[in-house]
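S.K.: What Swiss-Prot lists as ATP binding site is Gly62, Tyr63, Ser64, Gly65, Ala66, Gly67, Lys68, Ser69. Marked as domain 'ABC transporter' by Swiss-Prot on the basis of sequence analysis: 25-265. Among the features that Swiss-Prot reports, region 'Disordered' is placed at 1-22.
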Amino acid sequence: MSHTASTPTPEEYSAQQPSTQGTRVEFRGITKVFSNNKSAKTTALDNVTLTVEPGEVIGIIGYSGAGKSTLVRLINGLDSPTSGSLLLNGTDIVGMPESKLRKLRSNIGMIFQQFNLFQSRTAAGNVEYPLEVAKMDKAARKARVQEMLEFVGLGDKGKNYPEQLSGGQKQRVGIARALATNPTLLLADEATSALDPETTHEVLELLRKVNRELGITIVVITHEMEVVRSIADKVAVMESGKVVEYGSVYEVFSNPQTQVAQKFVATALRNTPDQVESEDLLSHEGRLFTIDLTETSGFFAATARAAEQGAFVNIVHGGVTTLQRQSFGKMTVRLTGNTAAIEEFYQTLTKTTTIKEITR
């Protein structure tokens, strides 16, 4: 069977792998306002400015109503901002004609929370669907489908229907389908929310493989900080339509600046006592301090000095985490004994790190 110039052969598709560069995404002063029939207005996005570099994995995190999903709809052209610019590889897509948007969407893969598979199609049939829409030659389609199923670890599941697959396998089919047309941008909207922890870990491992081997830019929308911790290079924290905090995963996890970021980080790290634990700790003798641990915090030297002066240091909570090849942690300690030595311990560490006393 012959192939037209617009229909890549399996060899041509293989030659395109892996992608050498993902899509660059830029939000410039993006605002989105929704109006209902009674003229009431809701600001879903409020002057969002954010850049996602090619090949980067960014986690966009926030509670329900923060504006995360609205961002996704803008990226794939399903909605338009009220004001601002949205650039994909330097091209502003705001106001772009639908014919051009359709072409743009072919370069964007999408995976969903509820998988969105066709129940009447096999796993292979689901992966093949976007290739049919793209009018790819049948032989090339079949080869590409098998290639993608093998890539996601389902090479022997092509003939299975969705009802015969586990949740994790369904999401793998969804990922294979999203990758079928060789996109350079992948949008993952709460892609692991419906999965158990072990399956979530497996799917995140697969997404890391996608980014590592194919060079695809990945935008992960989630309300789970553990997902961001596992996969992202950068994180943007959203609240009430605004990006309230942005930085590397290490920066945000080790030193969250906003209250909402602090709450999210606490759910993933659990290295500070919660209110109930604090109340229990406060029921015992001594002063309680939570201390940020870094290479320059001076914690161990201060502990040794306190012990020499008759203060006893007892570690009651905490942990150390390594992210992006850097370590950080928090330690909660109870000090008893010489009151002057305890105060010196506290004052010394205020000069070298962040130390907070836990009180009622």
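Cβ atoms are placed via backbone N, Cα and C, with glycine included.
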S.K.: Note down the number of other Cβ atoms within 10 Å of the Cβ of Ala66 (ATP binding site), including every protein chain shown.
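M.R.: For Ala66 (ATP binding site), the 10 Å Cβ neighbour count is 24.
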S.K.: Of all the binding-site residues here, Ser64, Ser69, which one's CB has the most other CB atoms within 10 A?
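M.R.: Counting every other Cβ within 10 Å of each candidate, the maximum falls on Ser69.
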S.K.: What residues, ordered by sequence, lie under 8 A Cβ-to-Cβ from Gly67 (ATP binding site) and sit at least six positions away in the same chain?
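M.R.: Sequence-distant Cβ neighbours: Lys32, Ala44, Leu45, Asp46, Val48, Met238, Ser240, Gly241, Lys242.
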S.K.: When you tally the Cβ atoms that lie within 10 Å of each candidate's Cβ, which of the binding-site residues (Gly62, Gly65) has the highest tally?
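M.R.: For the binding-site residues Gly62, Gly65, the Cβ with the most other Cβ atoms within 10 Å is Gly62.
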S.K.: Would you mind giving the whole-number mean pLDDT across the domain 'ABC transporter' (25-265)?
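M.R.: Overall, the domain 'ABC transporter' (25-265) comes to a mean pLDDT of 93.
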S.K.: For Gly62 (ATP binding site), which DSSP three-state class applies?
M.R.: coil
S.K.: When you tally the Cβ atoms that lie within 10 Å of each candidate's Cβ, which of the binding-site residues (Tyr63, Lys68) has the highest tally?
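M.R.: It comes out as Lys68.
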